[in-house]
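Notes to accompany the following structure.
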Amino acid sequence: MRILGIETSCDETGIAIYDDGLGDRPEGILAHQLYSQIAVHADYGGVVPELASRDHVRKTIPLIKAVLKEANLTPQDLDGVAYTAGPGLVGALLVGCSIGRSLAYGWNLPAVPVHHMEGHLLAPMLEDDVPEFPFVALLVSGGHTMLVRVDGIGQYKLLGESVDDAAGEAFDKTAKLLGLDYPGGPALSKMAESGVVGRFKLPRPMTDRPGLDFSFSGLKTAAGTLVRKECQLPEGQALNAEELKQTHADIANAFQQAVVDTLAIKCKRALKQENLNRLVIGGGVSANTALREKLANTTKKLGGSVFYPRPEFCTDNGAMIAYAGLQRLKGGTHADLTFKASPRWSLDSLPAV
Ligand code: KG4
Ligand code: ZN
């Protein structure tokens, strides 16, 4: 079976075709295209929902044509159309939902609504080193931070989540305080590389009490207080450009270390609680090298390992939606002619496949 995947939940238009490789065909991604709207939103310091929707309208159809061309296929070669139905920005979701549902109708194919976070959770399955069920998944994106026990596709038990800002959101907001452009996560991580380890220490929120929930909003505020105290000095004591750059890097380093340690402490706790040693990470922040290294260490000590997608499939993309859609299609999920965008949609409400 071959399926087209359409991702438009936020500020990335991602389109891909995935083949399950039955018969004599190789399994895998036949084509994928990604258009990032970063330039559209950069001047505003964050995603402007209306601009995101309009840009998806402009890009989705041309990118679908491009993946068909790249894979050397026609719509008749497809067996289904999968689209992200939520969670995300409602206007952005509606673009993918309406285009996906209409194409499926026109091409006489089943349409498959996909949960965006299930896409992130299954993205490591696109790699050679595939994790076996059961495992614990840490999902860290711009909108979500969750720990989930995964016993199979659709068998998800939420173990913990953020009670306020998501990890990616905390990266982006702290990056802004350090003068970095949106989305600041990758830029902050780059800046942290030249920071002095240990010059500043920031809290590891909610690690001193039991439980698997997260809170990152206080950490972002603590980083902001540090920026004001260390960088915004009265005239006469102001830092020169070089000192300011170094202090920013030192704060970035302390912030990244605090997030990474906090996530690792909770992952270890979740693995021990569930008596597992396989950890899967997905979502934009799972591209973070410091986090990957730390979690590789954490799981190794438990006799297990960590699984993650290649960096381009950590952030939003069409391949993960095509893959998740194919699993759902094989499991019998079909949408009727109505379609619904679900901006809020809990992962553990999904049926098992
Ligand atoms: O999964 P994603 O592409 O979109 C959502 O579903 O939200 O995640 C985007 C988030 C942004 O907050 C971005 O700053 C963060 O992932 N991110 C990173 C890195 N790459 C992306 N954060 C830290 N380090 C990175 N290398
Ligand atoms: Zn995402």
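Any Cβ shown, glycine's included, is placed from N, Cα and C.
Because the structure is a prediction, the values reported are computed rather than measured.
Here TrEMBL flags 29-323 as domain 'Gcp-like'. Annotation source TrEMBL lists Fe cation binding site at His116, His120, Asp316. Taken from TrEMBL, the feature substrate binding site applies to Leu139, Val140, Ser141, Gly142, Gly143, Asp172, Gly185, Asn288.
Mapped onto this structure are the features recorded in TrEMBL.
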| residue | record | DSSP class |
| --- | --- | --- |
| His116 | Fe cation binding site | helix |
| Leu139 | substrate binding site | strand |
| Asp172 | substrate binding site | helix |
| Gly185 | substrate binding site | helix |
| Asn288 | substrate binding site | coil |
| Asp316 | Fe cation binding site | coil |
Could you give the Cα-Cα distance between Gly142 (substrate binding site) and Asp316 (Fe cation binding site), in whole Å?
10
Residue among binding-site residues His116, His120, Asp316 with Cα closest to the Cα of Val140 (substrate binding site):
His120
Measure the Cβ-based neighbour count of His120 (Fe cation binding site), defined as the other Cβ atoms within 10 Å of its Cβ.
31
Of the binding-site residues Leu139, Gly143, Asp172, Asn288, which sits closest to His120 (Fe cation binding site) by Cα distance?
Leu139
Taking just the CA atoms, what is the gap between Gly185 (substrate binding site) and Asp316 (Fe cation binding site) in Å?
14
Quick one: Cα separation, His116 (Fe cation binding site) versus Leu139 (substrate binding site), in Å?
11
Among all protein chains shown, how many Cβ atoms are found within 10 Å of the Cβ of Asn288 (substrate binding site), not counting that one?
27
Looking only at Cβ atoms, how many others are within 10 Å of the one on Val140 (substrate binding site)?
28
Can you list, in sequence order, the residues of the same chain other than His116, His120, Asp316 whose CB lies within 8 Å of the CB centroid of the Fe cation site?
Glu7, Ser9, Thr84, Met117, Gly119, Ser141, Gly282, Gly283, Asn317, Met320, Ile321
Give me the Cα-Cα distance between Ser141 (substrate binding site) and Asp316 (Fe cation binding site), rounded to a whole Å.
9
So if I measure Cβ to Cβ from Leu139 (substrate binding site) and keep only same-chain residues at least 6 apart in sequence, which ones fall under 8 Å?
Met117, His120, Leu121, Thr145, Met146, Leu147, Val148, Ile281, Gly282, Gly283
If you count Cβ atoms within 10 Å of each one, which of the binding-site residues Gly142, Gly143 comes out on top?
Gly142
Across all chains shown, how many C-beta atoms besides its own are within 10 angstroms of the C-beta of Ser141 (substrate binding site)?
24
10 Å Cβ neighbour count around Asp316 (Fe cation binding site)?
26
Using a 6 Å cut-off on Cβ distance, which of the binding-site residues Leu139, Val140, Ser141, Asn288, Asp316 come close to any atom of ligand 2?
Ser141, Asp316
